[in-house]
Structures are given as structure tokens and as C-alpha cells.
Amino acid sequence: MIKPGNKSLKWKVLMAYRDGKRSIGKLILIVNGIILGIAALVAINSFSASLQKQVNDEAKAMLGADIEVTSRNSKVPEDVFHLADSLGMEISEEIRFASMAYFPKTGDSRLVNIRAVENTFPFYGEIETSPMGMGRSYNSEKTALAEQSLMKQFKAQPGDMVRVGSREFKISAAITKVPGQSDFQSSIAPPVYIPMSELESTGLIKFGSRITYKVYLKYPKGFDYNLFTDLIKPRLDKLDVGYDDVEERKQELGEAFNDLGGFLNLTAFIALLLGCLGVGSSIHSYLKEKNNQTAILRCLGATGRTTMQIYLIQILSVAFIGSLVGTLLGVLLQSFLPLIIKDFIPIDIAMEIHIPSIFAGIATGVIVTLLFAMIPLIKSKHVSPLQAIRSFIQPTKIPKIHYLLYFLLILFVFLFTFYQMGSAVRAIIFTMAIMISFGILWLVAQGIIFLIKRFFPKRSSFIWRQGLANLFRPNNQTTALIMSAGLGTALLCTIYLTQDLLISKVNGATSGERPSIVAIDIQTSQLDSLETMTKENGLPIINSVPIVTIKLHSIKDRPIVDIEKDTASGIKDWVLNREYRVTYRDHLINSEEVVEGEFTGIVKKGDPVKISLDERIAEDMKVEVGDKLTFNVQGAYVETVVGSLRKVDWQRMQTNFLVVFPEGVLENAPKFHVLLTRAETPEETANFRNMVSKTFPNISIIDLNLIINTLENIVDKISYIVYFMAWLCILTGVMVLYSSIRSSKDQRLRENVLLRTIGANKKQVRGIVFTEYLILGSLSAFTGVLIAILATWLLSYFSFETDFNISVLPIILVFLIISSLIILIGVLNSRSATKSSPLEVLRTEAV
């Protein structure tokens with residue numbers, strides 16, 4: 001008999017240790033499923049903490065100043081300079097715009113981002129160059145700095161020449177790092193720095209040039225930061241400028257990285273929950289095998305609570321060990337994350353081990369394992385002492401405490417999500433989405449099992465019948481595996497199909513007769529010559545579009561200045577003071593359609609000027625067909641009436657406009673032009689680009705194919721991160737499968753002995769095992785693929801608004817890879833169960 005004094009904590013720990021030594025392999029297998037989830041959580045949390053610390057430490061270096069003031073297409077107001085002077089700030093100016101850089105050595109050219117900067121910038125940090133130390137001297141030496149990838153592309157070296165506009169500069173160094181700029185940001189138009197004093201000599205500052213003016217300010221020593229919020233910010237808010245300071249830049253970057261980290265953390269948490277499904281199922285199998293021992297302890301005087309606590313100590317111990325292993329793996333994994341996303345981060349990251357993330361990972365693993373383990377643990381509490389002498393006992397009624405455990409599990413998911421997202425609404429939505437997703441997967445798994453039972457092929461071969469029957473035998477883990485491997489497959493397949501859908505859409509935008517080259521900033525005097533040059537190169541002129549720059553003066557006879565003061569107007573701020581680039585034509589193009597009113601292409605003298613608006617800007621302006629708008633066309637006021645609203649497909653590679661005027665109004669206004677053409681090969685594009693750059697230095701050539709290729713690369717790099725999380729879910733499913741096979745090894749041995757005893761040979765037993773995992777792997781992969789196709793269809797219809805087209809071959813490959821992986825793991829780990837002879841097993845059982 002067990003004495004009352006022997007029911008102390010010390011006795012329970014000792015009993016748990018003695019029993020656990022005999023079952024250490026099965027106990028370790030129980031927590032295999034949580035290791036990868038914990039590893040991902042720790043790696044992502046620790047990486048995010050290191051990133052945030054780096055952002056805080058290097059915020060000034062990323063901005064290069066204390067305040068950055070930006071104005072587009074017009075100079076920064078003098079009020080900014082007066083304010084800075086009155087507070088004793090240092091000032092540095094920058095002018096940046098897109099233009100062509102021409103390399104005389106090779107005759108090549110490319111669209112670049114020209115930056116004319118005064119010598120004092122950056123105030124913090126450095127423009128890193130190769131050779132080193134040239135980030136400031138280029139100003140005094142009247143030379144240029146070119147981004148290193150641009151120099152590699154055209155095999156340029158320091159000392160070579162580059163022509164910007166009508167001026168040639170000697171390249172003094174290659175830029176390796178610019179404060180606050182990532183590799184991704186410079187991939188389409190790499191930066192070229194020239195001295196501010198030499199900008200005028202390039203001849204590129206002309207009417208129609210799209211120029212961004214920047215002013216950088218540095219606080220004097222001992223500056224009171226409260227002056228920014230009390231004095232500087234209110235003054236800047238009254239001006240038509242954008243601005244950023246160190247604190248806002250830190251907040252913007254922090255929010256962006258937190259969103260990415262939050263997404264990755266939640267995906268890792270999903271993998272952890274999937275693993276815990278297997279944990280709960282494995283614990284159920286483990287404790288069911290312990291029923292006889294539990295019944296014997298009950299016969300010797302132990303209470304149900306005492307036996308449950310013995311197994312609870314075992315589960316907590318292995319949960320802690322599994323979480324610790326996952327944490328250590330996460331620390332190693334953390335060092336690889338910067339390699340994946342370095343192109344998107346404007347700073348170099350020094351990896352540090354974040355102790356709070358380690359403790360949080362261990363605590364999360366233990367808590368989640370405990371929550372999933374409590375239901376089978378509570379069931380073990382109700383094992384009757386009679387089970388020691390009777391093989392079958394009627395199951396007891398499920399205790400009501402199970403509902404409390406379900407609630408606690410849902411509450412934990414909510415709290416964890418709230419911690420990651422910082423929003424109760426988002427946390428509730430995510431928690432509900434998890435419940436619904438798991439519910440759907442559970443219903444699918446149960447539905448599959450039901451259909452197999454309902455339409456069981458009684459006339460098929462013995463091997464197929466037995467393999468199918470194994471899917472719903474006692475202690476099966478069919479549901480857990482279909483849920484974990486199925487969700488992983490769904491994530492993986494959805495990512496690929498969505499990526500393929502987006503790239504196909506972008507490629508479709510330039511297919512057929514759509515343009516692949518856009519020439520911009522064309523002066524009216526250059527248009528005829530450029531069109532002739534285009535035709536001489538054998539390229540078609542798809543479109544030639546005039547563009548006029550205007551500003552909005554009044555809406556429904558209310559001046560903009562009055563509307564700005566009216567906080568209840570409901571009109572969006574962005575439509576009021578922006579500079580509109582409009583065109584005039586007598587027809588619609590294929591990327592737009594009239595949804596209200598009637599399009600007017602030509603206006604006769606004396607008739608009202610009926611313009612066409614994009615439907616979304618009309619909504620933000622709070623105007624309808626028939627309402628009056630007055631525009632300031634470079635000093636002349638033009639009264640117009642909204643004649644029609646258009647739905648514009650902005651994702652098409654077309655010259656789309658918010659506002660379209662009819663012909664007969666803006667022809668005499670100052671304007672510039674855009675020409676669209678198409679080249680069939682990269683060589684034709686390069687020849688045309690180089691010829692235009694040499695003849696017309698002010699005209700910029702945009703290669704749409706280059707942009708599409710860059711976008712594809714970006715999508716690929718982002719996909720690496722998400723693919724990693726999808727494979728994490730799949731590997732979790734594999735771990736669940738492995739643990740399931742190993743934990744049910746004894747049961748499989750007994751089943752195989754029974755099969756061998758009634759006449760089955762080894763080949764048939766192996767065939768049954770293969771059939772079981774063939775069906776299980778196929779069902780898991782098929783479930784995931786179906787969910788992925790449904791998810792991709794929903795995304796294409798509701799989010800991307802594009803035709804639903806999928807590639808069949810990748811889906812087949814994913815299906816074959818996942819199902820083969822499950823079959824391979826299942827068959828390999830079941831070999832020992834098929835090799836043992838019936839007599840050997842029966843002798844072991846007798847002992």
C-alpha cells in the first residue's frame with residue numbers, strides 16, 4: 001500500500017523519474033512537434049529586438065540629419081530657412097530627380113536618381129565609398145559618385161567619366177552604402193551624387209522636370225527637443241511640405257519591422273499550435289499505454305489526482321527540455337535571418353542574443369504544451385482501479401473542466417496575438433481565423449475518415465482494406481497529421497500560386513502590343529525629332545501623350561483655402577494642394593471605362609469644359625457629375641464641370657490620369673510630353689536608350705521590362721521568408737508523424753503479430769503499412785492543395801481583381817513531394833514493426 005506520507009511532492013517527482021526512465025524515448029518524442037515552432041519564435045523575436053535596438057541606435061545616421069524637409073516640384077519655402085536660422089540650426093540642401101546617366105567609355109546609359117547635395121550632408125553617418133573616404137571630397141573636387149551595382153553593370157572604374165545631362169563628371173568612387181537606403185531602394189534607379197554647385201551646368205532643370213527638393217537641418221548643441229513639438233512642427237504643418245525627424249523615422253521603421261516580425265511570429269505560432277495538436281495526440285497515446293500502471297497505482301492507494309500529477313511532472317519536464325532545445329535552435333537560426341531580408345533593411349544588423357525572447361520562448365512552449373496535455377491528463381485521473389484486472393472499461397463521462405481548458409487555450413492564443421499585434425480587434429480576428437481554419441481542417445479530416453468508412457471498398461484486396469482501416473483504428477493520428485501537414489502544404493502552395501498570379505499579372509501588363517519603353521520629360525520642341533528617331537529604329541509609336549501641370553483652385557465655388565479650414569468638409573487633404581499632371585484627348589484608352597456620365601472628347605468654343613475624373617478621386621473630393629471645379633493652369637483660371645467618372649485600371653502599364661480634359665482647352669498651355677513605344681529584345685531597348693540619351697540628355701528612358709524583372713526579384717526575396725514559414729509548418733507535420741509512429745510502435749507490433757499469426761507474410765504487412773501512408777500522405781497533400789486553390793481564387797477575385805489562372809505542374813510537384821515525404825518517413829520508421837517475428841513479440845509481452 002502507498003502510505004499517505006509517500007504522496008508528497010518529493011515522492012511524486014521520484015515516481016515520475018523512475019517511470020520516465022523506462023519511457024524516456026516516448027517522452028522526448030512527445031515534444032518533438034514544438035521544437036521547430038519554439039525555434040522560429042525565439043529566432044524571430046530575438047532578431048526583431050536586435051533590429052529595433054539597431055534602429056534606435058542608428059536613427060540619426062539613417063536620416064543623416066535631425067530634420068528632413070521635403071517639397072516636390074517647388075522649392076522649399078523660405079520660411080523653413082528663416083525658422084532654422086532663428087534657432088541656430090545647420091542647413092544642407094539637396095535636389096534629386098530621375099534622369100539618364102551616359103557612360104562614354106561603353107556607350108551605355110541607364111535611368112538613375114541624380115542627387116545634387118551640399119558638402120555638409122550627411123550631418124550624421126557617412127556615404128560609404130570604395131575607395132574609402134570619398135563621401136565628402138567629391139563636392140570640392142567637382143566629381144561624381146556612382147552606386148556600385150551601376151558601375152558593375154557597365155564595367156566602370158573610378159576615374160571613368162559619366163555624363164549627366166550636358167555635363168560630364170569624373171567618377172571618383174563607387175557608393176557602397178547611403179544613409180537610410182536599402183539595396184532594394186536603389187535597384188530600379190541607382191543613385192548618382194554630383195556637387196550642388198555643378199547642377200545648373202547639366203541643363204536638366206527645365207519646365208516639366210519632376211524634381212524633389214530637400215532641406216536637412218541639424219540641431220545646435222544643447223537643443224531642447226520639446227521645441228520641435230511646440231514650435232517647429234506646428235510651423236511646418238502650415239506649409240505645403242513633408243517632413244521627418246529622427247523620432248518619426250524611428251517610429252516608421254519600427255512599425256514596418258514590427259509588422260513583418262508580427263507576421264512571422266504569428267506564422268511560427270501557428271506552426272507551434274499545429275505541433276501541439278500532435279503533442280496532445282501523442283500524450284493521449286502515451287497515457288493510454290500507461291492505463292494498466294495507473295490502475296495498479298490506484299489499487300495500491302494512490303488517488304486519481306496523485307497519478308495525474310506524476311504524469312504531469314513528466315510532461316512539464318519534457319516540455320521544458322523541448323522548449324530549451326527549440327530555444328537553442330532559435331538562437332542559431334537567428335543568425336540566418338539577416339541574410340534573407342538584408343536587401344530590405346537600410347542598416348547593418350549586429351546580432352545579439354535577446355534574453356527576454358529566450359525566456360518567452362521557453363515559457364510559451366511549456367504553457368502551450370501544458371494546455372494541450374491537460375485534457376488527456378485529466379482523462380488519466382479517471383482511470384478505474386478495475387482496469388488492472390479487466391481489459392475493457394466503459395469510458396467515463398467527459399468532465400466539464402474540458403470546456404474550461406478549451407477556453408484557456410483560446411484565451412492564450414488571444415493574449416499571445418494581442419502581445420504581437422498590440423490591437424485587441426486584430427487579436428480577436430486572428431484568434432477567430434485560427435479557430436475557423438483549424439475547424440475547417442478538422443472537418444475535412446473527419447469528413448475524409450467518414451467517407452472512407454461509409455464507402456469502404458469491401459471487395460478490394462486485403463492489403464488495401466487493412467491499410468484503409470488503419471486510418472481510423474484506435475489511437476490513430478490521422479486528424480492531427482492532416483491538419484498539420486495539410487496546413488503547411490496549403491501555405492506553401494498558396495504562396496507559390498499567389499506569387500505566380502502576381503508575376504503573371506505584371507507580365508501581362510506588358511504583353512502583346514503594350515509598351516515596354518517610356519520616354520519622359522520630352523519638351524515640345526523635341527517631340528517631332530524623337531518620333532522620327534523612334535521610327536528610324538524600327539520601333540512603333542504606341543502613344544504620345546501631352547502633360548500639363550495644374551493645381552486645384554476651388555471645388556463647387558469654394559476656394560481651397562476655405563475648405564482647408566473646414567474640418568467637417570469630409571474632403572481628403574491629398575486632393576487639395578497636390579500638383580495635378582493632366583492630359584487632354586478625344587477618346588478613352590483601354591485601361592479605363594466610364595461608370596457615370598458621358599465622356600466629352602472635344603469642347604467647342606462657348607461650351608462648358610466637361611472633364612473626366614477617376615471615380616476614387618471624385619469620392620475623395622465629394623463631387624459628382626455636374627459639379628463645378630476651377631483649376632489654376634499656371635496662372636490662368638479654367639472653370640470646368642465634371643462630365644463623367646471613369647474606372648481606371650492603375651495596374652496596367654498605361655499613361656493613366658486622375659483628370660482628363662477634352663481637346664480644345666489646354667493646347668496652348670506650357671507642357672511636356674511622354675512617348676510610349678515597344679522593343680522586342682533587350683538589345684533594341686539598349687540601342688534606343690543610348691541613342692536618345694546621347695541626342696537628348698534631358699529625356700529619361702524607363703525600361704518597363706527592367707522594372708518588372710526587379711519586381712520579380714523582390715517578390716522572390718519576400719517569398720523566401722514566407723516559404724520558410726510554410727516549410728516550418730510542413731516539417732512540424734513531419735515531426736508529428738514521426739512522433740506518432742514512434743509512440744505507437746508497441747501497438748503496431750501487436751497489430752503486426754496478429755496479422756502474422758492469422759497468416760499474413762512480411763510482404764503483405766509491409767504492403768499494408770505502405771498503403772496506409774500512401775493514403776495518409778496523399779490525403780494530407782490533397783487537402784492542402786484544395787485549400788490553396790480556394791485561397792488563391794479568393795485572393796484573385798477579391799484582392800488582386802484579376803483572372804484566376806493557375807499552373808498545374810507546380811501543384812502536381814508539391815503534391816508529389818509532400819505525399820512522398822510522408823510515405824518515406826512513415827515506411828522507414830515502421831520497419832522495426834514489420835521485421836520482428838510473432839514469437840519474439842509474444843515472449844516480450846509475456847515478460
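The backbone N, Cα and C atoms fix where each Cβ goes, glycine too.
These numbers come from a predicted model, not from an experiment.
Mean pLDDT across the domain 'MacB-like periplasmic core' (28-225) comes to 82 in this model. Annotation source TrEMBL lists domain 'MacB-like periplasmic core' at 28-225.
According to TrEMBL, the feature domain 'ABC3 transporter permease C-terminal' maps to 266-385 (among others).
Annotated domain 'ABC3 transporter permease C-terminal' per TrEMBL: 724-838 (among others), in sequence order.
Residues or ranges marked as transmembrane segment by TrEMBL: 27-47 (among others).
The feature transmembrane segment is assigned by TrEMBL to 263-287 (among others).
Annotation source TrEMBL lists transmembrane segment at 308-333 (among others). Long-range Cβ contacts of the transmembrane segment (308-333) within its own chain (Cβ-Cβ under 8 Å, at least 6 residues beyond either end) map to 12-13, 15-16, 19-20, 27-28, 30-32, 34-43, 46, 283, 287, 290, 297, 353, 358, 361-366, 369-370, 373, 377-378, 380-381.
The annotation transmembrane segment is assigned in TrEMBL to 353-378 (among others).
Remote same-chain partners of the transmembrane segment (403-421), defined as residues 6 or more beyond its termini with a Cβ less than 8 Å from a stretch Cβ, comprise 261-262, 265-266, 269, 273, 364, 367-368, 371-372, 374-375, 378, 427-428, 430-431, 434-435. The transmembrane segment annotation in TrEMBL covers 403-421 (among others).
Residues 266, 270, 273, 410, 413-415, 417-418, 421, 468, 471-472, 478-479, 482-483, 486-487, 779, 783, 787 of the same chain lie 6 or more positions beyond the ends of the transmembrane segment (427-452) yet place their CB under 8 Å from a CB of it. Annotation source TrEMBL lists transmembrane segment at 427-452 (among others).
As annotated by TrEMBL, transmembrane segment applies to 480-497 (among others).
Here TrEMBL flags 720-741 (among others) as transmembrane segment.
TrEMBL lists 773-795 (among others) with the feature transmembrane segment. Residues 440-441, 444-445, 448, 467-468, 471, 478, 481-482, 485-494, 497-498, 501, 733, 804, 806, 811, 814-816, 818-823, 825-827, 830 of the same chain lie 6 or more positions beyond the ends of the transmembrane segment (773-795) yet place their CB under 8 Å from a CB of it.
Same-chain residues lying 6 or more positions outside the transmembrane segment (807-828) and placing a CB less than 8 Å from one of its CB atoms are 481, 485, 488-489, 492-493, 496-497, 500, 730, 733-734, 737-738, 741, 766, 769-770, 772-774, 776-778, 780-782, 784-785, 788-789. Here TrEMBL flags 807-828 (among others) as transmembrane segment.
Assigned with DSSP, the residues of the domain 'ABC3 transporter permease C-terminal' (266-385) fall into helix, strand and coil as follows: 100 helix, 0 strand, 20 coil.
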